[in-house]
Amino acid sequence: MAENYDRASELKAFDEMKIGVKGLVDAGVTKVPRIFHNPHVNVANPKPTSTVVMIPTIDLGGVFESTVVRESVVAKVKDAMEKFGFFQAINHGVPLDVMEKMINGIRRFHDQDPEVRKMFYTRDKTKKLKYHSNADLYESPAASWRDTLSCVMAPDVPKAQDLPEVCGEIMLEYSKEVMKLAELMFEILSEALGLSPNHLKEMDCAKGLWMLCHCFPPCPEPNRTFGGAQHTDRSFLTILLNDNNGGLQVLYDGYWIDVPPNPEALIFNVGDFLQLISNDKFVSMEHRILANGGEEPRISVACFFVHTFTSPSSRVYGPIKELLSELNPPKYRDTTSESSNHYVARKPNGNSSLDHLRI
């Protein structure tokens, strides 16, 4: 049968339907189409672990009121970002009702009639608002079982009338809240690096916000595909909002760690650009999203904090000079920050997306 498989034609046919994976599921598909088959799907861990390893949960409450509390939080964030590149945060300042409304708003968008969703379907990279299935559909070796509504929310804030009616208002409200939280976290990360609180903000690390609103429909064969294949994020920092269905795993010491859902938490992770400018002090860890084996669509919202989406950008990034010494020389060459670099960076064959910049 392999000789009769025309992958390019099947990708094109799927894309031109403009209904996404959700459209396939709603139509009653009972088998995962071959374009989604991923030979690397292996939910089992490659080796046993003798200890239970968990991504830490950090309470951010009180960081503005108490120097002692702030110093404690900085120390915990430093440890988490050096060891795991991930942590969950509670008491982060984003109202829980705003988080819930955001999840519900994105669920409403993906639950709309396919003919309504089609109006937003595009692969035009010049558009700030896009809906499609798999940004890298034609480039990746296997498509993932998900659909995405994405929008550039900063530095140029979109107008409400340019966003989908069913979720535009909450997208704007949530982005305001998460931008405030990111400013706080970049202060904490700066202090964790031994720098002044405003250092990373003054490098424009919190300037750009790219919001990816994912829907992971139920998968009839979750052992054949991923919701998101193994990758790192080409951001400075990513803040992730999940519903209660889980699915996120982080690779630590060769072992896949589940990140259990917590309705009150937001997940923070280091992106490749933060690893670069911190000169490997903070680590951008590989992670993946398992296909949804449940009965209801899984929803998540990933906020990527990047420099800018104006292309090309002349801003140059390299290891922060204040972190360097004779004993800690730069590990990366300087690079310009281009909008295309902020797309998800895959690591085929275990090669880091930063390898081409490593000295």
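Here the Cβ of each residue, glycine as well, is placed from N, Cα and C on the backbone.
Under the heading domain 'Fe2OG dioxygenase', Swiss-Prot lists 207-308, citing sequence analysis as support.
There are 24 other Cβ atoms within 10 Å of the Cβ belonging to H287 (Fe cation binding site). Under the heading Fe cation binding site, Swiss-Prot lists H231, D233, H287, citing sequence analysis as support.
What Swiss-Prot lists as region 'Disordered' is 329-359.
Per Swiss-Prot, compositional bias 'Polar residues' is recorded for 349-359.
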Worksheet item: Counting other CB atoms within 10 A of each CB, which of the binding-site residues H231, D233 comes out lowest?
Response: H231
